[in-house]
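**Student:** As listed in Swiss-Prot for this protein:
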type	residues	note
TRANSMEM	70-90	transmembrane segment
TRANSMEM	101-122	transmembrane segment
TRANSMEM	133-153	transmembrane segment
TRANSMEM	160-180	transmembrane segment
TRANSMEM	190-210	transmembrane segment
TRANSMEM	227-247	transmembrane segment
TRANSMEM	283-303	transmembrane segment
TRANSMEM	319-339	transmembrane segment
TRANSMEM	351-371	transmembrane segment
TRANSMEM	384-404	transmembrane segment
TRANSMEM	411-431	transmembrane segment
TRANSMEM	442-462	transmembrane segment
Amino acid sequence: MDSSTVGAPGSSLHGVTGREPAFAFSTEVGGEDAAAASKFDLPVDSEHKAKTIRLLSFANPHMRTFHLSWISFFSCFVSTFAAAPLVPIIRDNLNLTKADIGNAGVASVSGSIFSRLAMGAICDMLGPRYGCAFLIMLAAPTVFCMSLIDSAAGYIAVRFLIGFSLATFVSCQYWMSTMFNSKIIGLVNGLAAGWGNMGGGATQLIMPLVYDVIRKCGATPFTAWRLAYFVPGTLHVVMGVLVLTLGQDLPDGNLRSLQKKGDVNRDSFSRVLWYAVTNYRTWIFVLLYGYSMGVELTTDNVIAEYFYDRFDLDLRVAGIIAASFGMANIVARPTGGLLSDLGARYFGMRARLWNIWILQTAGGAFCLLLGRASTLPTSVVCMVLFSFCAQAACGAIFGVIPFVSRRSLGIISGMTGAGGNFGAGLTQLLFFTSSRYSTGTGLEYMGIMIMACTLPVVLVHFPQWGSMFLPPNAGAEEEHYYGSEWSEQEKSKGLHGASLKFAENSRSERGRRNVINAAAAAATPPNNSPEHA
């Protein structure tokens, strides 16, 4: 058996024996793979995932998928939070109480708890293109229906239904994980999700601007806010059509076509679900994301009204300040992903985990300070720092998610995303729905919960890479970790081939420092003397 064969003696030492470049093994292609790789505009690895990202390119399939993914997610964020900057007008029109506004905020993020769970399964079984396109277009009628409501119950119900569209986050992250190499996945996931989340800030600017334009055309305030909803509704329709016609599930084609050709195996949903829910790391990341992305969604719902009421600001000024919270995503979330990738390059997976803890704990501290701030400048500074750290933590979390499981990636992404929405709904219900707490006090308590709920990250341990405080298990290898998700019968049929390829490409998570140390240890001769000396 040749030592280059996966599973052969010495195969786990590739990159540390001195015979192979330590970081080349995960991305080199040759022979038939090299011929197949030549059809792509970007350099690719053995799975045909892009090894670089070129933001100004629309090359098919990698960069076209990237842009379709983040723009579709962006449009869903715009529509879901379009009501937030217009609440002072809507509440007067519909006679909404504080409880009604709080319940609507909970509803807007609760709907996607279910849709994100479903989207994870859809991505695994049908592919992200169908999931993304159909959800966006199915949500479009509910966005248009916002212009027809005339009661608090209708307002809450429609915001609940629009919130289902936030499940495009799952298809976005899944899509990026199938298109880009593991060495840059933190940055790519951060860019796609961060630019999509930016819609929560952009809508704070877009909707008041559209409202003002319609008002200047002669419409009454109570008519203008309704007509403004035609902008996000139209955006849904356009993006749904573009994703369906221009998108592609995998680097080599669409999932259904590849399955018919026999290039991709059809998986069992029950087994995919089983390996997702029985992996304890999944549940820790559900909690972590609940108090990173979750608090971001909660803040999107309350921040404009908070500044409007507490500091007696003009609606437009409050909207601009609130917009800066969501707009920070353009740099914050990608920065979190980039820090995750850079740390992993030298220290491996352990650096990714430390990155999550540092960023999310800092975000909780700044959230607490935001609630205690008594002046406008101090509040704005604390809000910006809280925003940056919380959103960077989101990027850092999805720098790790692709490594939790290869087989159940879609469902784990969906569960983690749903955790974000569950955390948002729970936090809004606890601190921002009743009159028991002021919004400032609610922000203080939310900051404390963020810091407390970040602590379980210390329990995340990968046998082959270790955890925050513990080294990797002796003899643990990537092939065994990802291969353990397949039964011996499935392995005999070769169904685990994609997992083995991913395992090979994920060896970079050992970190350059660990690889150097392993190579040094392998090169050191035994420190003993012959018995006859």
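Heads up, the Cβ atoms here are built off N, Cα and C, so glycines get one too.
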**Student:** Against the transmembrane segment (283-303), which of these stretches has the most C-beta pairs under 8 Å: 101-122, 190-210, 227-247, 319-339, 384-404?
**Tutor:** 384-404
**Student:** Within this structure, do the transmembrane segment (351-371) and the transmembrane segment (442-462) have 3 or more Cβ pairs under 8 angstroms, counting pairs 6 or more apart in sequence?
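**Tutor:** Yes, the stretches contact each other.
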**Student:** Answer with yes or no whether the transmembrane segment (101-122) touches the transmembrane segment (227-247) by the criterion of at least three Cβ pairs under 8 A, sequence separation 6 or more.
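**Tutor:** No, the transmembrane segment (227-247) and the transmembrane segment (101-122) are not in contact.
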**Student:** Taking a Cβ cut-off under 8 Å, which residues six or more beyond the ends of the transmembrane segment (319-339) line up next to it in the same chain?
**Tutor:** 77, 81, 84-85, 185-191, 193-205, 207-208, 296, 299-300, 303-304, 307, 313, 355, 359, 380, 383-384, 387-396, 398-399
**Student:** Three or more CB pairs closer than 8 Å, sequence separation of 6 or more: does that hold for the transmembrane segment (411-431) against the transmembrane segment (160-180)?
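**Tutor:** Contact between the transmembrane segment (411-431) and the transmembrane segment (160-180): present.
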**Student:** Establish whether the number of Cβ pairs under 8 Å between the transmembrane segment (101-122) and the transmembrane segment (160-180) reaches at least three, counting only pairs separated by 6 or more residues.
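**Tutor:** Per Cβ check, the transmembrane segment (101-122) touches the transmembrane segment (160-180).
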**Student:** Which residues of the chain, 6 or more past the ends of the transmembrane segment (160-180), have a CB below 8 A from one of its CBs?
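**Tutor:** Contacts of the transmembrane segment (160-180) (Cβ under 8 Å, skipping residues fewer than 6 from its ends): 49-50, 53, 61-62, 65-66, 69-70, 72-73, 76-77, 79-80, 107-112, 114-116, 118-120, 122-123, 128, 131-132, 135-136, 138-139, 142-143, 145-146, 188-189, 192-193, 196, 236, 249-251, 398, 401-402, 409-410, 413-414, 417, 420-421.
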**Student:** At a C-beta cut-off of under 8 Å, are there same-chain residues at least 6 beyond the transmembrane segment (70-90) that contact it? List them, or none.
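**Tutor:** Hits for the transmembrane segment (70-90): 96, 101, 104-105, 108-109, 132, 136, 139, 143, 146, 155, 159, 162-163, 165-166, 168-169, 172, 191-193, 195-200, 202-208, 211, 221-222, 224-225, 228-229, 232-233, 235-236, 239-240, 242-243, 300-301, 304-305, 308, 315, 318-319, 322-323, 326.
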